[in-house]
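Before any comments, here is the structure.
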Amino acid sequence: MPSVDAYAAELLEGLNEPQREAVTHEGGPLLVIAGAGSGKTRVLTHRVAWLVRTGQVGLGEILAVTFTNKAAAELRHRVGDLLGRSTRGLWVSTFHSSCARILRVEAERLGYSRQFTIYDSDDAKRLLKRVLDSQGADTKRFTPGSVHNRISDHKNRLRSVEQAAEQAAGFYDRTVVDAYRGYQQALVANNAMDFDDLMGRTVDLFERFPEVRERYRNAFKHVLVDEYQDTNPAQYRFLQLLCMDDPMHLDPDDEFGPLAGEEPGHRNLMVVGDDAQSIYGFRSADIRNILDFEDDFPDAKVVRLEQNYRSTQHILDAANGLIEHNANQRKKHLWTDLGAGDPVRVRALPDDHAESRWVVAEIERLAGEGAPLGEMAVLYRTNALSRAIETALTGAELGYQVIGGVRFFDRAEVKDVLAYLAWLLNPANTVAFARIVNRPKRGIGDTTVGRLLAHASTLGVTPLQVLDDPAAAGLKTAAIRSVGAFAEQVHELREAVLAGSTIADLVEAILRVTGYRAELEASNDPQDEGRLENLEQLHAYADEFDHEDASAEPDDERASLRPLDRFLQQTALLSDADQKGDHPDGTVTLMTLHNAKGLEFDSVFLIGCEDGVFPHSRAIDAGELEEERRLAYVGLTRARRHLSLTWARRRGLYGPPQSQVPSRFLRELPVEALDESSPEALSGGVQAVPRPRYDAGRIGRVGGGGGGSTSGRTLAELGLRRGSELGSAGRAAAGGAGDEAPDVVVGQRVRHGKFGEGDVVTVDDNVIVVDFDEHGERRLIAGFARLEPV
DNA sequence: TATTGCCTCGTTTTT
DNA sequence: CGAGGCAATA
């Protein structure tokens with residue numbers, strides 16, 4: 001029983017009833033459905049403080065997991081404020097850094113050294129490219145990026161290579177599985193883990209070593225999770241292993257109940273999230289984790305937070321009305337006592353330039369009324385849309401910041417220096433080696449690198465060990481001289497590492513000894529100045545790390561890892577400096593809807609609300625409309641006071657401008673939430689005639705006679721009808737015979753989209769049927785046609 | 001081995 | 001339209 005004194009009770013002040021219920025929940029699984037702006041961080045922080053103050057657990061017995069470093073830092077900070085004392089000992093960290101921390105200690109059990117390197121997705125793709133090349137895969141069809149996505153999905157769903165192989169259906173899948181196998185072996189050989197491995201290997205660890213699992217389960221008496229709707233199956237399993245009895249989900253063959261000799265799980269799992277804001281399905285996040293929580297944990301308590309403290313009611317009505325169109329969603333109704341406020345505005349503009357000008361004019365108008373620019377945001381589905389707005393803002397001499405793009409630690413020059421550090425620490429890391437061996441250029445080309453790597457691999461040693469005998473690797477005189485010079489630099493740098501130089505000094509040494517800085521200084525490429533600045537920034541960052549590290553108190557992690565290990569881990573798991581959340585004065589913020597999650601602004605402009613742009617055409621093709629709608633929901637609920645949605649009748653995304661159709665999401669907004677001018681923008685002045693509804697259904701294969709160009713022909717003209725089998729005549733009708741795959745014509749636009757077998761793609765009333773050969777290669781398009789209204 | 005020009009292709013991205 | 005990848009060149 002918790003002891004509630006006045007000191008603890010103070011934590012409940014100012015909380016509404018459901019918030020209080022969540023904070024004081026006495027144990028067992030707890031799901032908090034926290035609508036947008038309903039105070040979920042408050043609930044999380046107050047609950048941590050409550051558990052401690054009521055004497056239920058010590059600070060060090062709580063694990064709070066988030067997805068971002070920023071969220072973790074904020075959580076820690078706010079708990080510290082509530083408790084009025086240091087939060088040392090409290091584990092608040094991201095899924096990935098919690099796992100990294102655990103794995104550092106336990107790495108040897110899994111065949112890694114504790115100095116293992118963490119590969120970011122760029123490193124991972126480089127390694128994967130080597131694997132694909134070595135397996136003779138066609139890297140045009142099997143790009144490292146696409147194959148990595150597939151492998152990542154396997155890993156996030158906890159599929160081993162063998163399990164992936166079992167499910168592999170076609171040629172494509174089998175190639176992916178081969179790559180997966182080779183890639184995984186390569187990772188181990190490099191003593192490296194990718195991001196997905198951090199989760200997956202921790203799960204492995206807990207499953208294979210029950211005593212390790214039990215140690216961590218005993219260490220954390222309460223586990224709290226933020227943004228639960230974005231968890232993937234691996235993360236779900238991780239939580240289960242930490243909190244529950246022997247887990248049964250995902251592996252129904254396991255027996256229920258604790259393993260022999262194991263204590264039962266404490267079941268103190270609190271998850272907070274909003275299914276309506278699940279927007280990371282493409283990264284294998286599984287919304288079912290939050291939708292099915294009560295099924296997974298029948299004794300779960302569910303608390304719903306629906307009072308919104310952010311937006312006015314019109315904005316919430318728009319959001320509520322929109323999300324109701326999702327079937328696979330928990331019913332929810334956000335409300336506020338902040339009043340009705342301004343209605344939401346929908347505007348149609350002739351083209352993208354006009355759209356930008358309208359938005360900028362509105363920004364100026366609001367600014368003229370005294371609204372700060374820092375409280376305004378322009379949101380869009382894809383980064384490409386920022387351009388026109390940027391131009392218009394620049395023309396109006398308004399300040400703006402664009403969030404997104406290349407992150408600091410992802411910049412090539414920064415990654416080069418980090419790769420030097422990583423390789424000096426872990427010479428088995430061939431990705432780092434290949435990256436730096438000719439940077440700056442020192443006459444060691446791809447062939448030489450290949451020979452060095454092959455030679456090292458034959459001898460079963462690291463590249464470092466073959467540098468001193470380049471002749472043995474079969475190199476010629478010129479290459480031997482180049483490699484020799486590189487080897488000397490490496491020896492000098494290694495000595496500095498062994499001597500325990502500070503990281504800032506190591507960075508400095510790398511820039512000097514390798515001639516990296518000299519090369520940039522000598523260059524007349526204007527961009528190189530910026531690169532030098534970035535490197536100075538990296539140096540300053542390292543210096544700061546050195547100082548913090550020197551003054552920090554020792555803990556278990558420090559005892560087992562050297563500063564350089566920790567530095568590299570931090571840079572690998574840290575994204576950009578958390579600029580995302582701050583709203584600099586006099587600066588409008590531009591960003592994608594994904595980046596906007598968790599933020600709020602007085603005024604929000606959501607641009608590019610056109611079918612094909614938002615919802616994105618690829619999402620439409622893939623049948624991911626519900627996730628797109630959630631993305632729209634996220635966008636709408638960012639606004640506190642003013643919300644405007646715009647679309648352009650014509651937009652040139654790539655190439656010449658194309659006619660656009662207003663986003664279906666606009667039509668789903670309840671008119672009561674909109675202003676009086678909006679309906680006009682929805683019906684569209686020029687396109688006043690409402691589009692007839694067609695029921696294309698699944699046509700399946702079509703075929704028949706015909707001939708000539710297919711563009712603009714009807715199904716009948718092509719001799720095609722629903723359900724007919726495709727014959728050779730049909731192929732001719734489709735505009736391409738045999739294996740030649742013609743371009744797909746959508747409206748007036750040619751695209752090379754990916755479609756599934758027998759897919760029917762409708763754009764307006766144009767229908768395209770696509771067929772695939774056994775390799776998944778698009779073989780022919782049966783027709784571009786006009787369907788009759790039903 | 002480095003450079004040039006041609007061709008292709010086009011979401012979102014917490015770690 | 002424009003960035004990045006690749007093949008043909010110097």
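Start at 1 and count along the chain as shown; that gives each residue its number.
Heads up, the Cβ atoms here are built off N, Cα and C, so glycines get one too.
Positions annotated as ATP binding site by TrEMBL: A:ALA34, A:GLY35, A:ALA36, A:GLY37, A:SER38, A:GLY39, A:LYS40, A:THR41. What TrEMBL lists as domain 'UvrD-like helicase ATP-binding' is A:13-312. Marked as domain 'UvrD-like helicase C-terminal' by TrEMBL: A:313-598.
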Take the domain 'UvrD-like helicase ATP-binding' (A:13-312) and average the pLDDT across it for me.
91
Check: same-chain CB within 8 A of ATP site center, minus A:ALA34, A:GLY35, A:ALA36, A:GLY37, A:SER38, A:GLY39, A:LYS40, A:THR41:
A:ASP274, A:LEU305, A:ASN308, A:TYR309
Would you say which of the binding-site residues A:SER38, A:THR41 has the most Cβ atoms within 10 Å of its own Cβ?
A:SER38
Can you check which residues sit near A:GLY35 (ATP binding site), meaning Cβ under 8 Å from its Cβ, same chain, 6 or more apart in sequence, and list them in order?
A:ASP274, A:ALA276, A:ARG304, A:LEU305, A:GLU306, A:ASN308, A:LYS332, A:LEU334
For A:ALA34 (ATP binding site): DSSP state (helix, strand, coil):
strand
Across all protein chains in the structure, which of the binding-site residues A:ALA34, A:ALA36 has the highest Cβ count within 10 Å?
A:ALA34
